[in-house]
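Q: One structure, as C-alpha cells, below. Some questions next.
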Amino acid sequence: MIDKVTNRLKHRGPDWSGLHQHGDCFLAHQRLAIVDPASGDQPLFNEDKSVIVTVNGEIYNHEELRGQLPNHKFRTGSDCDVIAHLYEEHGEDFVDMLDGIFSFVLLDTRDNSFIVARDAIGVTSLYIGWGLDGSVWISSEMKGLNDDCEHFECFPPGHLYSSKERGFRRWYNPPWFSESIPSAPYDPLVLRRAFEQAVIKRLMTDVPFGVLLSGGLDSSLVASITSRYLANTKAAEQWGSKLHSFCVGLEGSPDLKAAKEVADYLGTVHHEFHFTVQDGIDAIEDVIYHVETYDVTTIRASTPMFLMSRKIKSLGVKWVISGEGSDEIFGGYLYFHKAPNKEEFHRETCRKIKALHQYDCLRANKSTFAWGLEARVPFLDKEFINAAMNIDPEYKMIKRDEGRIEKWILRRAFDDEEHPYLPKHILYRQKEQFSDGVGYSWIDGLKAHATKHVTDRMMLNAGNIYPHNTPNSARLTVPGGASVACSTAKAVEWDASWSGNLDPSGRAALGVHISAYEKQNNLANKSVEIEKIISMDAAPLGVAIQG
C-alpha cells in the first residue's frame, strides 16, 4: 500500500526513496537532493532516533540554527537536519524559527505523537486526508491520498497540525494578516536591501541551478541580483559564477524578445525554448494530472512552465529561482489600476497573498516537480513580505497621471543610475501575465481549440454533466469565482463593466493593457467556460489522481 503511494510521487524526488516504519506509522520520502546529496537521505533522525522527520523544502538559516544547538550531534549536512533537534529543544513551538520553504511530518516515537507543518505562504504543496479506520494521511500531492482517504483537503499554509490536539493551529501570524492598513513610509533602499537578501539566501546549493527569465520586471530583477552577487557565494565556488537563464515561449513572443535582451545585458548563459500551440494542447492532460487543478488561469500558465521544466532538467539543472509573488505583494496585476482607494488596494493584496497556494505557488511547485526540478521564490521570503506589506499602501497606488505604473515602488527601488540593475525600458516594462507573455497566440489558440471541439449543443448539458465544484475532495481544492485579469471575486466589484468581461488574461483589463482585447462579448466568455470543461474532461480529478 505504501509502495503504491510512493510510486505515484517518484517524479518529485528521483534521487532517493526512503521508508521508515514505527508500529502502525509509516514515513516515506522521495528525495530531490540539493543540499548534501551524499548523506542527506531521508527520513532524518535525532541522536537516538526517537524523533523521525520527512521534509520537502529548504531551510535557509540552518547554519545559524545549528549554532544555537551546541549540545546536539547532527547525522548529516542537510539543511533539514535541524528540525528534529529544534523539536527536542522547543517542542511544537519551533516552526516560526525556520526561515525557508517546507512541508514536514515529525514523529515522536516516545509517545507516538506527530506534528505536520507547512511553510508560511504555501510555496511547497501539502495535503491531509482522513481514513474511515481512524488513520491520518499526509502527502505532497493528492495522488497519494485518493485511494485510502474518505476525505482529503489542502493543508493550510502557515499552520501546524498536532496529533495530540487532533487539529490545526496557525503558527504564522504576521501583522499584515489581519488586513489592517499599515502606515510605514516608503524607503526604496530598505526595500531594495530586503529583496537582495531574500535572493542571496536562496543561493544555498550543492548542485547546478539557474534562473527563470521571462524578461518581465520580477524575473529580470531576480536574475540581475543573482548575477550581481553570485561570485561571492559557495555556489560559485562549486559551479562557477556564470549564471544560466531559461525562457519559454511561442516563436516571436514578447517574453522571448525581452528575456534575450536582459540575458545579454546581464551576461548570462541563456537557454531559449520554443513551443507551439499544439504542443501545449497535447500536454494539457499531463499538466492537469501533475498540477491537480482545472482552474483556467493556472492551467494556461502551468502548461508552458511544465514544458520548459522538462527541458531544464534534461540539462542537469536541479533547481531554479523564479519571480512568483511580486504581483500579489505590490498590486502588479493590471486590474489594480481600478482600485478605488488605498484601503481596498491593501486588502486585495492581502487576499491575493493568502490565496497564492491555490494558484501561482501550486503552479510553480508542481509544474517543476513533475520533472524533479525545484523552484525557489524570493519574493515570498517571510522577512521581505513583512517589509513590503508594512509600507503605507498609498505608495503602491497606481497613478498614471503622476507616472506611477503598477509596482512603481519596486521599480523605483532598483532604479539605480550609477550602478543600474536593468535597462530602463525593462525596469518599466508593463506587467505581462506569464500565460500572455509566452505569446498571445497561446491563449487565443487554446480558446479556438475549445470552441472548435465543444459545440453549442454539447454545452446544453454541461451544467448537469460537470456541475462546478461538486462536493468531491479533489474538486473542493480547486478555487472558483469571478475573475478579471487574475483578480479576486471581490475586486471584480471595482468596475461595473468587468462583470461582462470575465477572463483571467491580463488583456481583459480593457483600457489598461497596451494589447487589450478590442472587444469582449459573450462568445469570448463562453470560450473560457469551454476551456474549463475541456480541462475537467481531459482528466477529471477524481479519476486522474488515481495514477
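These residue numbers are counts, starting from 1, taken along the chain as shown.
Note that Cβ sites are derived from N, Cα and C of the backbone, with glycine treated the same way.
Small disclaimer: the values here were computed from a predicted structure and weren't measured.
In case it helps, TrEMBL gives these features for our protein:
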BINDING   Asp79  L-glutamine binding site
BINDING   Leu212, Val248, Ser322, Gly323  ATP binding site
DOMAIN    1-166  domain 'Glutamine amidotransferase type-2'
SITE      Glu324  site 'Important for beta-aspartyl-AMP intermediate formation'
Q: Do me a favour and check the Cα-Cα span between Leu212 (ATP binding site) and Glu324 (site 'Important for beta-aspartyl-AMP intermediate formation'); whole Å is fine.
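A: Between the alpha carbons of Leu212 (ATP binding site) and Glu324 (site 'Important for beta-aspartyl-AMP intermediate formation') there are 10 Å.
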Q: Between Asp79 (L-glutamine binding site) and Ser322 (ATP binding site), how far is it from one CA atom to the other, in Å?
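A: One finds 21 Å between the Cα atoms of these residues.
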Q: Are there residues of the same chain, six or more positions away from Glu324 (site 'Important for beta-aspartyl-AMP intermediate formation'), whose CB falls under 8 angstroms from its CB, and which are they?
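A: The answer is Asp218, Leu356, Asp360, Cys361, Arg363, Ala364, Ala375, Val377, Phe379, Leu380.
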Q: Whole number in angstrom, please: the longest C-alpha to C-alpha distance across Leu212, Val248, Ser322, Gly323 for ATP.
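A: Spelled out: the longest distance between any two Cα atoms in Leu212, Val248, Ser322, Gly323 is 14 Å.
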Q: Please give me the CB contact count at 10 A for Leu212 (ATP binding site), counting all chains in the structure.
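A: Summing over all protein chains shown, Leu212 (ATP binding site) has 26 other Cβ atoms within 10 Å.
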Q: For the binding-site residues Asp79, Val248, which Cβ has the most other Cβ atoms within 10 Å, all shown protein chains included?
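A: Top count of Cβ atoms within 10 Å goes to Val248.
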Q: Sequence gap of 6 or more, Cβ distance under 8 Å: name the residues on the same chain that satisfy this around Gly323 (ATP binding site), in order along the sequence.
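A: When sequence neighbours closer than 6 are ignored, Gly323 (ATP binding site) has Leu212, Ser214, Gly216, Asp218, Ser219, Leu221, Val222, Val377, Phe379 within Cβ distance under 8 Å.
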Q: For Ser322 (ATP binding site), what is the tally of other C-beta atoms lying within 10 angstroms of its C-beta?
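A: Excluding its own Cβ, Ser322 (ATP binding site) sees 26 Cβ atoms within 10 Å.
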